[in-house]
């Protein structure tokens, strides 16, 4: 049996011919080159992959693709690109940003979820083709997910929050800003399964009422950051329940919540000593 060396099998090392070996390849062992490549960004890795056959294998090794941010290429990223990346990276990938990638939809993200089950941080901010089907896939395959950004994914509904609650119990940060189909029922389902939430961004979720905040206050004692900007139906009553249940709160944004009065300041002072 050929032993693995940092995810690259010995047989793959043996494929390098003498004619393919530059001086640096002869001086440095393949294991060290692989380690060096692990510090490079996506663009540099792709350039290295074109240098030689040896570097192609090393640069494209899945262990080098644990953190990928494709925002700079958002106009060029289509579903097939995400599928190919997920197949190459597999279980190595921990963090992926597809922010602003309008061409990525549910089918590609299902393939991604199936292949990248160790994903911990995922940004789909502005991926407007994303629907509840994507959250169902994440729930089914990505139980290690900790941070999820679904801001401006306006097709997201309560069904997504229910799915995340059932399959992503480690979730600590969720951004569903401008997902204006979400109601108190979705929040109720979410917090019952994701009680470890530390940051929740609900900016522009205009259907949320005080009852949604009561669920958060009752089930999210670890909450540190809460953004309720322009949640127009929120009143003092709802925010007071947050103050009483979320004593670790450090950041609260209620800008544009016109039904809030000075009474909330007293509740914050008494119950949230860490507020900045």
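Including glycine, each Cβ sits where the backbone N, Cα and C put it.
Annotation source Swiss-Prot lists domain 'F-box' at 22-68, citing sequence analysis. Within the model, the domain 'F-box' (22-68) carries an average pLDDT of 76.
Per Swiss-Prot, the feature repeat 'LRR 1' maps to 74-100.
Listed by sequence, the residues of this chain that lie at least six past the ends of the repeat 'LRR 2' (101-126) yet keep a Cβ under 8 A from its Cβ atoms are 70, 74, 77-80, 82-83, 85-87, 89-95, 133-134, 137-138, 140-153, 175. The annotation repeat 'LRR 2' is assigned in Swiss-Prot to 101-126.
What Swiss-Prot lists as repeat 'LRR 3' is 127-152.
The feature repeat 'LRR 4' is assigned by Swiss-Prot to 153-178. The residues of the repeat 'LRR 4' (153-178), classed with DSSP into helix (H, G, I), strand (E, B) and coil, number 10 helix, 3 strand, 13 coil.
Long-range contacts of the repeat 'LRR 5' (179-204) within its own chain (CB-CB distance under 8 A, at least 6 residues past either end) are made by residues 150-162, 164-166, 168-173, 211-212, 215-216, 218-231, 253. The repeat 'LRR 5' annotation in Swiss-Prot covers 179-204.
If you look up Swiss-Prot, you'll see 205-230 marked as repeat 'LRR 6'. Nonlocal intrachain contacts for the repeat 'LRR 6' (205-230), taken as residues 6+ away from its ends with a CB within less than 8 angstroms of a stretch CB, comprise 176-184, 187-188, 191-192, 195-199, 237-239, 241-257.
The repeat 'LRR 7' annotation in Swiss-Prot covers 231-256. Summarised by DSSP class, the composition of the repeat 'LRR 7' (231-256) is 10 helix, 3 strand, 13 coil.
What Swiss-Prot lists as repeat 'LRR 8' is 257-276.
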Legend entry - Secondary structure content of the repeat 'LRR 5' (179-204), with strand meaning DSSP E or B: 10 helix, 3 strand, 13 coil
Inset, instruction - Tell me the residue counts in helix, strand and coil for the repeat 'LRR 6' (205-230), as DSSP assigns them. - result: 10 helix, 3 strand, 13 coil
Legend entry - Beyond the flanks of the repeat 'LRR 1' (74-100) by at least 6 residues, Cβ under 8 Å: 7, 60, 62-63, 65-68, 107-109, 111-112, 114-127, 149
